[in-house]
Amino acid sequence: MRKTTLAQRLHPNLTVPVIYYSCSFRSILVTFIFLSAITPGVTEITLERAVPVNITSPNYPSDYNIGDNIVWKVSAPVNHSVRLDIVDFATQLNFDILFVGDGLTPLSYTELARLTGYGLRSTVTSHGRHMWLKFTSNFGIIDVGFMATLNAVDPRDDNPLILVNESTVQQLRSPDFPLDASDSVHEIWRVMAPRDHSVRARFDFFNLTDGSSLTVGYGSSPLMTTILVELTGSELPEDITSPTRELWFRFVSDTGDSSRRKRRAVGSLMESGFLVNLTAERTEDINECLSNPCQNGGTCSDIHGGFQCFCPEGFKGDYCQTDINECLSNPCQNGGTCSDIHGGFQCFCPEGFKGDYCQTG
């Protein structure tokens, strides 16, 4: 399908650059793009068990807009996770992106995946009962966008847990190994060792095509702040030992048309993917707080075989990574408007009232 810019849509016969001298048109256009880029549309979705919900990019299956900035906040029932399944996906590679993360607030350190490109068939599962999604498009080429399905799932059925010990070896391999993954995929694995042990990962084979990567981190959730290494290319990685008893792996295959063409060209000539042997190693009781795992000013307490974070007011989670929406408790009085901010909230009081909670008349 031939893609067009906004100027070409307004002027179908345009073949050379044009400078617009209409101040009113330019003002409207700039205002529209600026406001749409900084003011996201927010949709809240509450899932029910066994009732899938579909979401799409704006205008799907027609092209999405220039400067889109759309947020979805998804909640599953208690003791469930949110699973995102991509049905159709076509965006400008590396410029128009669907971000996916844990919680209800789009933050870089809760991010689970960045989806962009063509032909994705990814599945992403949250590590709690909440998931956020954010779709942004730039000011260049646009495409048909995406359609995805959201489900409330039992977390034990997704992102399976691999248990390791000292006497056995568990193998982790890329999808379709030793062949390259036939479609773009997004897979997460979690590995756990017994208490007083760490996870040891030893690579037997490693050869990823352009655009594919394997990210390894510690802990139970794939958070940006827990990443140990990001692996690409064909050089055999060194062994990895987790600083705690848990290790996670995230594999993302290539998403671009050019990468897929290159993969098909070489796929029949060489093996591709990765193969990792996983074992448990007994460790001394190390001080896990030395790696500063607690975020947002949380206080770390070293305990036997692990650590515990004590979170400041306004944050929660194993790493104090989740910003609590204090506005849900309606703290503002006398008709005040609550605004959730990082680590707290702010009340905007109507005329005649003041105070942190608009409590003073």
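Heads up, the Cβ atoms here are built off N, Cα and C, so glycines get one too.
TrEMBL records a disulfide bond between Cys311 and Cys320, which is the match among Cys300, Cys320. Summarised by DSSP class, the composition of the domain 'EGF-like' (285-321) is 4 helix, 12 strand, 21 coil. Counting every protein chain shown, 20 other Cβ atoms lie within 10 Å of the Cβ of Cys349 (disulfide bond). Confidence in the domain 'EGF-like' (285-321), given as mean pLDDT, stands at 86.
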